[in-house]
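Trainee: Below: one structure in structure tokens.
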Amino acid sequence: MENKTKIAVFASGNGSNFQAIADAIQQGWLDAEIMLVVTDRPGAYVLERAKKIDTASFAFTPSDFDSKQSYEEMLKGKLQHLGVEWIVLAGFMRLIGPVLLDAYENRIVNIHPSVLPAFPGKDAIGQTMAARAETAGVTVHFVDAGMDTGNIIAQQSFQVNGGDRETVENEIHAIEHRMYPATLQLLFKETIS
Ligand code: GAR
């Protein structure tokens, strides 16, 4: 049996988490194959990253479509054509709608830069700083119709200890880049065994 899980990575921006996943695959500790990088922002840096490592990518502009349903139908067609088994959200700043949620039930995961349920939604790190929270962290969770509300798969937290935003952000990214590929590997192994 082919043991590489076929994934699509959805990202809206820099793509450092996409890079961490691609690096883990290349280093041989994540048994997956990135079939497609999808972005809703045609200028996103993640596209440059994908190009550099010869990974197929697809950019679309949501406002070119009548509705979320119509662009998700288009994406679903592409993903199914490529045999994509899991959708991995890595800084994709859009809610997933019923078309993809139904097609990929319990097969869509997200990473979020807070210890959910604290600070869901946009700018979770800014929210953490504004609240003068004692702890910050990262959550990997299944995606449902809500905003960062799906079942939690893994979490890691650390003490803010008066650190400034830059320090907290760097720590969060360092955690994310280890935690996301490692969590995906556990998840994929569980699912195929
Ligand atoms: C990451 O910190 C990720 O946790 C966050 O966006 C950043 C993307 O960085 N996601 C969310 O806030 C989702 N609600 P990257 O583009 O460098 O991977």
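The backbone N, Cα and C atoms fix where each Cβ goes, glycine too.
The domain 'Formyl transferase N-terminal' annotation in TrEMBL covers 6-183. Per TrEMBL, the feature N(1)-(5-phospho-beta-D-ribosyl)glycinamide binding site maps to G15, S16, N17. Residues or ranges marked as (6R)-10-formyltetrahydrofolate binding site in TrEMBL: K68, M93, R94, L95, I96, N110. The active site, proton donor feature in TrEMBL is assigned to H112. If you look up TrEMBL, you'll see D148 marked as site 'Raises pKa of active site His'.
Looking at the shown structure, what environment does each listed feature sit in?
Mentor: For S16 (N(1)-(5-phospho-beta-D-ribosyl)glycinamide binding site), other Cβ atoms within 10 Å of its Cβ number 17.
Following the DSSP three-state reduction, the secondary structure of L95 ((6R)-10-formyltetrahydrofolate binding site) is coil.
Annotation for H112 (active site, proton donor): spatial neighbours P120, A124, V138, T139, V140, H141, D148, criterion Cβ-Cβ under 8 Å with sequence separation of six or more.
Counting Cβ atoms from all protein chains shown, D148 (site 'Raises pKa of active site His') has 19 others lying within 10 Å of its own Cβ.
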Trainee: Cα-Cα, whole number of Å: I96 ((6R)-10-formyltetrahydrofolate binding site) versus G15 (N(1)-(5-phospho-beta-D-ribosyl)glycinamide binding site)?
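Mentor: Spelling it out, the Cα of I96 ((6R)-10-formyltetrahydrofolate binding site) and the Cα of G15 (N(1)-(5-phospho-beta-D-ribosyl)glycinamide binding site) are 18 Å apart.
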Trainee: Work out the three-state DSSP category of N110 ((6R)-10-formyltetrahydrofolate binding site).
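Mentor: Looking at the DSSP assignment, N110 ((6R)-10-formyltetrahydrofolate binding site) belongs to a strand.
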Trainee: Filter the binding-site residues K68, R94, L95, I96 down to those with CB closer than 6 A to an atom of ligand 1; keep them in sequence order.
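Mentor: Result: none.
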Trainee: Rounded to a whole number, how many Å is the Cα of K68 ((6R)-10-formyltetrahydrofolate binding site) away from the Cα of G15 (N(1)-(5-phospho-beta-D-ribosyl)glycinamide binding site)?
Mentor: 23
Trainee: For the (6R)-10-formyltetrahydrofolate site as recorded (K68, M93, R94, L95, I96, N110), determine the largest distance between any two Cα atoms, in Å, rounded to the nearest integer.
Mentor: 19
Trainee: Hey, how far is S16 (N(1)-(5-phospho-beta-D-ribosyl)glycinamide binding site) from R94 ((6R)-10-formyltetrahydrofolate binding site), Cα to Cα, in Å?
Mentor: 18
